[in-house]
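K.L.:
Take this structure, written in structure tokens, and hold onto it; I'll ask about it next.
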Amino acid sequence: GFNRSNKLSRYIVIRSQLAGTGILDATNSLSGVLPFGILIVAHPLALIFDPYKTKFYNLIPKLWATASIAPFFDIELEGLENLPPQNAPAVYVSNHQSIIDFYPLLTLGRSFKFIGKNTVFLYPGIGWAMYILGMIPVKRMDIRSHLEAVRRCMDLVRNGASVFFFPEGTRSKDGKLGDFKKGAFTVAAKTGVPVIPMTLIGTGEIMPAGMEHVVNSGSVKLIIHKPIKGNDPEILRQLARNTILDTLSIEAQKKKGLS
């Protein structure tokens, strides 16, 4: 495991990039600052030539996320063959364990737009980057905000972009999978695009929900499952949740067998 100073160093780097405090470690500052600077410069051109942000914006977030997490934990990707073609629209969904979940997801290099809590957009740095990248803010417990987010997602998908949801709506504090909300599956059913379920394993142990002052050693596994298609949001919701739930159970049994 990490010693105390290493924990603190990693905590400063990751938290400063997430919250925009500006306290970036000297050896890793370019991973957060340089890509953000490129986004600022290239944003006007991208709005003209790629208004739905489906091409240029794939590369920079991938490089930024990869550079940001490389010193701290490894990522194992499984099921890459299940990913749709680079610019094929889809609705991606995953379980939600930690504030760092979006880092491994961005390393896939897909153009999905995250649905994020509106308060995160207020953070200097990461919040501004989310805005520029076309991420969609939503207010918790606000029905109008959720309906508007779903409408915007359908507009994006119909224009060739992909969207990403954490259908639990919040991070799991005990690692157990919560109930899935229907928003993501309504978007997929009404637009005819596939749902791509993904299972994240390990992020909740590295930075547990509610314990953002802690960065533990560990590794992350991201499993991409086969696409699911259909026109019934409820069936899509159940299939996606069961896929992720079964995978979490299998991976937990594997881990128990190794210990």
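Using N, Cα and C of the backbone, Cβ positions are placed for all residues, glycine too.
Just lifted these from TrEMBL, have a look:
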TRANSMEM  30-49  transmembrane segment
DOMAIN    90-203  domain 'Phospholipid/glycerol acyltransferase'
TRANSMEM  120-138  transmembrane segment
K.L.:
Under the DSSP assignment, what numbers of helix, strand and coil residues are found in the domain 'Phospholipid/glycerol acyltransferase' (90-203)?
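P.N.:
Looking at the domain 'Phospholipid/glycerol acyltransferase' (90-203) with DSSP, the answer is 43 helix, 24 strand, 47 coil.
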K.L.:
Can you work out the mean pLDDT of the predicted model over the domain 'Phospholipid/glycerol acyltransferase' (90-203)?
P.N.:
86
